[in-house]
Amino acid sequence: MTVIKKGKNKKKNLKNDDRYKELDSLITNGSEIGDNSGRSCIKRFFKIIGNEMKNNVYVYFLSILYLCVCVMNKVFAKRTLNKMGNYSFVTSETHNIICIVVFQLLYFIYRKTSTSGYKNESQKNFGWQFFLISLLDASTVIISMIGLTRTTGNIQSFIMQLIIPVNMYFCFMFLGYRYHLFNYLGAFIILITIAVVETFLSFETQSENSIIFNLIMISALIPLSFSNMTREVVFKKHKINILRLNAMVVLFQFFTSLLVLPVYNIPFLKEIYMPFSEMSTNINNGLRCLFYGQNTVVENCGVGMVKMCDNCEGAWKTFITFSFFNICDNLLACYIIDKFSTMTYTIVSCIQGPAITIAYYFKFLAGDAVRKPRILDFLTLFGYLFGTIIYRIGNIILEKKKMVKSQNSNDSEAELTCIETSTA
């Protein structure tokens, strides 16, 4: 039986090893290439990319799908903000209620159609994990709201992409991740692309920008990173269902979002500043704006003013569309973290920056927020994609080493078992 098991392991390892042959050829024979070294190296490089995409069609399809959903989520979030930006608390809590209903309904259907999986999960209590994720998400929102008040658009984009090194560091420290040189190189290329582009765009940056508030916004990446890592631990260690996680987290989030209320009473927050005495009036006006399309703030508002002008006509359509894509975004993000890792999710999501910018070129997507195309945006997207490819090559090499190590371990155990059997 041991010999048969050993044969199966060899067959499996040989099958898995096929995808790495081209990579081995590129690395091993790199020094043996003659006059056509450059052309041969490029040819091999693109052949590796082709084989990688062919062997991981599902991964790349899922990544593209998530990227499209994520872009639509951000675009319609911006369009919702343009219509009813004075009522962020109303939109936040209404969206939470919609998410509670949808996720609870989906999880109810899952329980009815998959009884065995539900029974296995129902024996475990994940209350503190749900509360921790909700609290981390609420903390991210609160800190980001404070930082955003004096952090201009271009700097916002740069700061959000810093999640790559932040996630790499915390995954290294707490989840035991180990990286290849190509992982660092890919992340470095992405960061350099961001730095160059944002430096170039800094000439367009508004004067109202504070380094203190920039640092506050950067600190929001810490709870965001820990939230993603907690999700990964819950998925990988406890094998919890994605629908159950989202159903419970959004339920906790409805209450943890109330922690945001004191933030609205901080005077230096300018646009979102709102005393507690005006809270009930704001909620009432927000509900009228969302469900009845009634404008309340129409005077002393607009560009350069403290408040935005209401544009509530058709607000509910834009808001429902945003909620739909946001729910899909959450499900796909959790699925990617569950099936792959936090870093895979981070690298895929970082491409959304230039993709969102390009989406604003199309009026049917961006509406009133449409912008003119710029070559710089396409160059940024190319830099992101190139860095992502280099990062993925690092993962391939690490997978190869892990597979070889596992193969050697299986062979050693099989040989030891055979020796013990023959001795007996």
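Just so it is clear, glycine is given a Cβ too, placed from its N, Cα and C backbone atoms.
What Swiss-Prot records for Cys289-Cys312 (among others) is disulfide bond, and it gives similarity to another entry as the kind of evidence. Less than 8 angstroms from the CB of Cys312 (disulfide bond) sit Lys83, Met84, Arg288, Cys289, Leu290, Tyr292, Gly293, Gln294, Asn295, each of them six or more residues away in the same chain.
What Swiss-Prot lists as disulfide bond is Cys301-Cys309 (among others). Sequence-distant neighbours of Cys301 (disulfide bond): residues of the same chain at least 6 apart with a C-beta under 8 Å from its C-beta are Lys307, Met308, Cys309, Asp310.
The 10 Å shell around the Cβ of Asn86 (N-linked glycosylation site) contains 23 further Cβ atoms across the protein chains shown. Secondary structure at Asn86 (N-linked glycosylation site), taken from DSSP and collapsed to helix, strand or coil, is helix. The N-linked glycosylation site feature in Swiss-Prot is assigned to Asn86.
The topological domain 'Cytoplasmic' feature in Swiss-Prot is assigned to 1-56 (among others).
Looking just at the topological domain 'Vacuolar' (78-88), the mean pLDDT is 82. Summarising the annotation, Swiss-Prot assigns topological domain 'Vacuolar' to 78-88 (among others).
As annotated by Swiss-Prot, topological domain 'Cytoplasmic' applies to 110-125 (among others).
Annotated topological domain 'Vacuolar' per Swiss-Prot: 147-156 (among others), in sequence order, evidence recorded as a curator's inference.
Residues annotated as topological domain 'Vacuolar' in Swiss-Prot, with a curator's inference given as evidence: 202-209 (among others).
Summarising the annotation, Swiss-Prot assigns topological domain 'Cytoplasmic' to 231-248 (among others) and lists a curator's inference as the type of evidence. Secondary structure of the topological domain 'Cytoplasmic' (231-248), assigned with DSSP and counted as helix (H, G, I), strand (E, B) and coil, comes to 15 helix, 0 strand, 3 coil.
Across the topological domain 'Vacuolar' (270-317), the DSSP tally of helix, strand and coil residues reads 23 helix, 0 strand, 25 coil. Taken from Swiss-Prot, the feature topological domain 'Vacuolar' applies to 270-317 (among others).
Sequence annotations record features per position, and here Swiss-Prot assigns topological domain 'Cytoplasmic' to 339-346 (among others). Beyond the ends of the topological domain 'Cytoplasmic' (339-346), by six or more residues, the same chain brings 59, 163-164, 167-168, 171, 175, 177, 225, 228-229, 231-232, 333 to within a C-beta distance below 8 angstroms of the stretch.
Mapped onto DSSP classes, the topological domain 'Vacuolar' (368-377) shows 5 helix, 0 strand, 5 coil. Annotated topological domain 'Vacuolar' per Swiss-Prot: 368-377 (among others), in sequence order.
The topological domain 'Cytoplasmic' annotation in Swiss-Prot covers 399-424 (among others).
Look at Swiss-Prot and you will find 57-77 (among others) tagged as transmembrane segment.
What Swiss-Prot lists as transmembrane segment is 89-109 (among others).
According to Swiss-Prot, the feature transmembrane segment maps to 126-146 (among others). Outside the transmembrane segment (126-146), and at least 6 residues removed from its termini, the chain residues within Cβ reach (under 8 Å) are 213, 216-217, 219-220, 223-224, 226-227, 230-231, 233-234, 238, 240, 245, 248-249, 251-253, 255-257, 259-260, 263, 266, 269, 272.
The 10 Å shell around the Cβ of Cys289 (disulfide bond) contains 26 further Cβ atoms across the protein chains shown. In summary, the transmembrane segment (157-177) does not lie against the transmembrane segment (89-109): fewer than three C-beta pairs, each 6 or more positions apart in sequence, are under 8 Å. The stretch with the most CB contacts under 8 Å to the transmembrane segment (89-109), chosen from 57-77, 181-201, 210-230, 318-338, 347-367, is 318-338. For Cys309 (disulfide bond), the count of additional Cβ atoms within 10 Å of its Cβ stands at 16 [all protein chains shown].
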